[in-house]
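Take a look at the structure set out below.
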Amino acid sequence: MKSILNDFLLMIQFFTRIPVNKNLQCEKVNFRRGAFFLPVVASIIGGIEFLVYLGLKNFLPPNVIIVLLLLFTAMITGGLHMDGLADTCDGFFSLRDKERIIEIMKDSRMGAFGTIAMIINLLLKYQLLYSLVLKDCSIAIILAPVIGRISILFLCLSKRTAKKNGSGNIFIGNMSKPIIFLITIIALAMNTYFLGLKITIISFIAVLIITYLFYLLCLNKINGLTGDTLGACNELGEITFLLILLMM
């Protein structure tokens, strides 16, 4: 039980700005086991946002609430995944060789492509969530972050790291297939309950396809994965999921 709590808190500490203030075991095995809790943490964040939406929907217009929810997400996660998307776009669209792309991705300064990617990402999320709320599909506020994190877990099944060192290396190739299978089944069951089997299957397949295509792009550009590409994958997974929901 103690190890389970350790791994759960480790995911909160690593992926959010929530102050855990606890000395935790941070070995690779802890991150391997803790991967189970990554979608769980996402569902908790999404659940809080959903409650905020329910609490405000009688007082504020939905478009204002969605902006506040996006702001809340950025604050509680530190913009971790969006930053990964921005860094990835800065590097990949620079049209340089592998070593230079990785150097650009490591640069803390945001370039033109990263800025454009972040703006488009936020605009898409805003419009998609706003449109889904108007369609009485506000449950997407909870489900999208979960699916995004699951896309990260599938990407991490690869052992291809683009750098010798990096925060992403503690996850890349350090995944347990039974854990991913279990958390995927739970997520699919939850989605089926709220969305129905047809939408669940189509949206999940679409996210897997986008994840795999993005993986091929990473291999082509930098011959592997980094922490930034994991964050980018999360954003792509969420956007894909929301797009499918709106189309259905």
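Glycine is treated like the rest: Cβ placed from N, Cα and C.
Straight from Swiss-Prot, the features:
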TRANSMEM  36-56  transmembrane segment
TRANSMEM  59-79  transmembrane segment
TRANSMEM  113-133  transmembrane segment
TRANSMEM  137-157  transmembrane segment
TRANSMEM  170-190  transmembrane segment
TRANSMEM  199-219  transmembrane segment
Does the transmembrane segment (36-56) reach the transmembrane segment (199-219), going by 3 or more CB pairs under 8 Å (6 or more apart in sequence)?
-> no
With pairs closer than 6 in sequence left out, are the transmembrane segment (113-133) and the transmembrane segment (199-219) joined by 3 or more CB pairs under 8 Å?
-> no
Using a Cβ distance cut-off of under 8 Å, indicate which of 59-79, 113-133, 137-157 has the most pairs with the transmembrane segment (170-190).
-> 137-157
Could you tell me what the rest of the chain brings near the transmembrane segment (113-133), counting residues at least six beyond its ends with Cβ under 8 Å?
-> 53, 62-63, 65-67, 69-70, 82, 85-90, 92-94, 140-141, 144, 235, 238-239, 242-243, 245-246
